[in-house]
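All remarks here apply to the structure that follows.
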Amino acid sequence: MKTLVLVAVLGLASLYLLSYASEVQQISRDEEDFRALMASFGGIFDTEERGVDKEGCRKMFGDCWGDGDCCLHLGCKTRKLPPWTDKPYCAWDWTFGRK
């Protein structure tokens, strides 16, 4: 009787280990499928620096000589709104989204 109980417990333990191992393999397969799915979207979910469209562009309140000097969604303003400036500066040009 004791031997039968011992064999049953060992059998259940081995079944538990086998099912756990197959579950771990299934999770790793699911992770690979998820990564492949995310890669197929072509970078939609990649983060990118907002508002910078070219190397060396002027950021908010930076000096400028024309709209081409400022970063995306910024324009060169000549009005002296900030009291500390006496020359043109880059400020928001009231646009949204991508140009």
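Sequential numbering from 1, following the chain as shown.
Heads up, the Cβ atoms here are built off N, Cα and C, so glycines get one too.
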Where Swiss-Prot annotates a disulfide for Cys57, which of Cys64, Cys71 is the other cysteine? Cys71
Give me the Cα-Cα distance between Cys76 (disulfide bond) and Cys90 (disulfide bond), rounded to a whole Å. 5
When you tally the Cβ atoms that lie within 10 Å of each candidate's Cβ, which of the disulfide-bonded residues (Cys57, Cys64, Cys70, Cys71, Cys90) has the highest tally? Cys70
